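Feature annotations, reproduced from Swiss-Prot:
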type	residues	note
DISULFID	134-155	disulfide bond
DISULFID	182-196	disulfide bond
DISULFID	269-316	disulfide bond
DOMAIN	32-123	domain 'Fibronectin type-III 1'
DOMAIN	241-334	domain 'Fibronectin type-III 2'
CARBOHYD	35	N-linked glycosylation site
CARBOHYD	131	N-linked glycosylation site
CARBOHYD	216	N-linked glycosylation site
CARBOHYD	244	N-linked glycosylation site
MOTIF	322-326	motif 'WSXWS motif'
SIGNAL	1-20	signal peptide
TOPO_DOM	21-342	topological domain 'Extracellular'
TRANSMEM	343-362	transmembrane segment
C-alpha cells in the first residue's frame with residue numbers, strides 16, 4: 001500500500017507540472033501582426049494577408065488571429081492561418097483589422113489591432129448606376145457534352161442621376177474563378193447601355209457561390225464611379241414553368257398531371273402550386289403540392305382553366321422564386337342554352353305571372369262571380385196540372401158559368417183560381 005501511495009503521488013505531481021507548462025503565462029505579451037495588406041483578387045473579392053510579429057515571444061502555445069471587417073459591413077471571425085479571403089462589395093471602400101489572440105478557459109489575451117483600408121473608387125456617387133437587378137434562367141444545353149443545362153443571365157439598371165449624357169456603362173460578372181464581360185446590351189434613347197444579356201454563362205444552376213456583378217462607366221466630362229453587387233443564386237434564379245400539363249374530367253373528378261421544369265435539380269426537389277379557375281362563377285382554387293399530380297372534385301356543368309407553377313424546394317436549396325404560371329388549359333362544358341329556348345321560357349313565365357295577377361285582382365274585387373254567375377240547378381218538383389173544364393149551361397143563355405178544377409198532388413205549389 002505504501003508503494004502504491006508513492007506512485008500516485010508521483011503521477012499527481014507530474015500531472016500538475018505538465019498542466020503548468022501547458023497553461024499560458026498570463027504575463028506573456030502579445031504583439032500585433034505585421035505586413036497586413038488588402039489585395040483585390042477579383043470582382044467583389046479581396047485577399048487579406050499578414051505575418052506574425054517577428055518579435056513575438058515564442059512559447060509552447062498556439063496563437064490565433066481575430067479578423068474584424070469594419071466596412072462596408074461589420075463582421076468578425078477567428079482563424080489560425082495568416083490569410084483570409086473575403087467576398088464583399090467594394091464601391092464603398094473596404095477596411096479591416098487583425099490582431100493576435102491567445103485564449104483559454106479562463107481568459108482571453110489579445111494584442112493591439114493592425115489595420116488596412118481600400119478607399120472608395122473615384123467618381124461622384126451620383127454618376128454610378130442605380131437599381132441593378134439580375135435574373136438567371138436554366139435551359140437545356142444541346143451543344144455541350146459536359147453539361148446538360150446552360151444558365152443565362154439578364155441584368156438591368158438605371159442611369160445615375162448625375163451621369164453626363166455621354167456616359168457609357170459596361171457590365172462584368174464573376175462566378176467562382178470565372179469573369180466575363182457583357183457583349184449584348186440594350187440602350188436608352190441617348191444610346192447609353194441600360195441592360196445586358198448573357199445567353200450562356202459559367203454559372204452553375206445548382207451552385208451555392210455568390211454571383212458578383214460590376215458595372216463601371218466612362219465619360220469625357222467626369223469620372224464615373226463603379227457599382228458592384230452580390231447576388232445569391234436562389235434569390236434570382238427564375239425557374240421554368242412545369243412541362244406537359246394535362247387535365248381531364250371524369251364525371252365530377254378533375255385529374256391534373258405535369259412534368260418537372262427544365263432544371264438541373266431532380267424531380268424530388270420541386271414544390272408546385274395548382275390554380276383551378278371556374279370561368280362560370282369566378283371561384284378560384286389554389287393548392288400547394290410536392291407531387292406532380294392532383295385530383296379535385298368539381299361541378300361538371302362548369303368550364304375551368306388550369307395552370308401550374310413550380311419552385312425549388314427548401315430540401316435542396318434555400319427558398320427562391322416561383323416560376324411563371326403555365327399556359328392555361330381549358331376543360332369542362334360551358335355551353336349556354338340557345339336563345340330560342342330562353343325566349344320560350346321567358347314568355348311562359350310572363351304569361352303565368354299575368355294570370356296570377358289577374359286571378360288575385362278578381363278574387364279581391366269579386367269580379368269573378370259578376371263576370372261568370374253560377375247556373376242554377378233544375379228543380380226536382382214538377383207541377384202536373386190537370387185542368388177539367390166543365391161547361392154547364394143552366395137553361396138560360398144569358399148566364400154562363402165557367403168552372404176550372406184542378407187536382408194538386410202533395411208537394412205541388414197551389415195555383416190561384418181564375419173564374420171568368
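Just so it is clear, glycine is given a Cβ too, placed from its N, Cα and C backbone atoms.
Small disclaimer: the values here were computed from a predicted structure and weren't measured.
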Query raised in the report: When the Cα of residue 182 (disulfide bond) is compared with the Cα of each of the recorded positions 35, 134, 155, 244, 316, which one is closest?
Result: 155
Query raised in the report: Under the DSSP assignment, what numbers of helix, strand and coil residues are found in the motif 'WSXWS motif' (322-326)?
Result: 0 helix, 0 strand, 5 coil
Report task. Taking the Cβ of residue 216 (N-linked glycosylation site) as the centre, count every other Cβ atom within 10 Å, in any protein chain shown. Result -> 19
Query - Per-residue Cβ crowding (10 Å cut-off), top of disulfide-bonded residues 134, 155, 182, 269 - result: 155
Query raised in the report: In the domain 'Fibronectin type-III 1' (32-123), how many residues does DSSP assign to helix, to strand and to coil?
Result: 0 helix, 52 strand, 40 coil
Requested in this report: Please tell me which one of the recorded positions listed here (131, 196, 216) sits closest to residue 35 (N-linked glycosylation site), measuring Cα to Cα?
Outcome: 216
Query raised in the report: If one measures from the C-alpha of residue 269 (disulfide bond) to the C-alpha of residue 134 (disulfide bond), what distance in angstrom results, rounded to a whole number?
Result: 23
Query raised in the report: Rounded to an integer, what is the Cα-Cα distance in Å between residue 131 (N-linked glycosylation site) and residue 244 (N-linked glycosylation site)?
Result: 36
Query raised in the report: For residue 216 (N-linked glycosylation site) and residue 196 (disulfide bond), what Cα-Cα distance in Å is obtained after rounding to a whole number?
Result: 13
Report summary line: Taking all protein chains shown into account, the Cβ-based neighbour count within 10 Å for residue 196 (disulfide bond) is 24
